Amino acid sequence: MLSVAARSGPFAPVLSATSRGVAGALRPLVQAAVPATSESPVLDLKRSVLCRESLRGQAAGRPLVASVSLNVPASVRYSHTDIKVPDFSDYRRPEVLDSTKSSKESSEARKGFSYLVTATTTVGVAYAAKNVVSQFVSSMSASADVLAMSKIEIKLSDIPEGKNMAFKWRGKPLFVRHRTKKEIDQEAAVEVSQLRDPQHDLERVKKPEWVILIGVCTHLGCVPIANAGDFGGYYCPCHGSHYDASGRIRKGPAPLNLEVPSYEFTSDDMVIVG
């Protein structure tokens, strides 16, 4: 009843405290007597009464700003004038500084500049990655002094007459050719003055039946094909250089003969290259 009186505002002084008994299933042992009194309940007048008028006086009187979005619930906040709105003009391009001007007119130029920067960055990153990978791969390979000292032993009995066998030596293809009697006579009869890189067949071999060459074309470094070409020796498919059975250039753009490495015969059936 006191709470009702507190919420009654100006009618609180005329209200009095009352008690009402409700009959129950059990009879009470002692009948409670409530003496009647005409005194008004004592209220704390210093305490503010929570009513509509008092709460309205405490509420802010400034206008509200409501925000609504599809991804977040609606919210209401007070409008603050002391907040500094961030300015992103320093990060914008001159073409889009004016907010009232359409950016579609300068979109092509801006896209072109972005594509140019992206392409330049991609090329730079690819070049740097290529150098890093090349350095990493070269660090795992043998050093130059080890490669210079490396040698390879070749068993000549494994190469039949008229055939050419390829080996890997110091990272390059090595050709070992077992020439027939016909090939030996044919290459020995070639006129040296007709050759682009003049060199006699006997200057390129230690034993006439064995020709040992580095299988790298002297034009642009391609690997020639054995037993091919117009002269029955080697043919480079990259740019059409023709070599004879002695490895001498006879036709095509290659300027020099195939290189002859250093080698020695340790026996009739064994040769060491390097």
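Each Cβ is built from the backbone N, Cα and C atoms, and glycine gets one as well.
Swiss-Prot assigns the feature transmembrane segment to residues 104-140, out of the candidate ranges 30-66, 104-140, 141-177. Here the candidates are CYS217, CYS222, and Swiss-Prot names CYS222 as the disulfide partner of CYS238.
Cα-Cα distance from HIS239 ([2Fe-2S] cluster binding site) to CYS222 (disulfide bond): 9 Å (rounded to the nearest whole number). Taking the mean position of the Cβ atoms of CYS217, HIS219, CYS236, HIS239, SER241 as the [2Fe-2S] cluster site, the remaining same-chain residues with a Cβ inside 8 Å of that point are THR218, LEU220, CYS222, PRO224, CYS238, GLY240, GLY252, PRO253, ALA254. For the pair formed by SER241 ([2Fe-2S] cluster binding site) and CYS222 (disulfide bond), distance between Cα atoms is given as 10 Å, rounded to the nearest Å.
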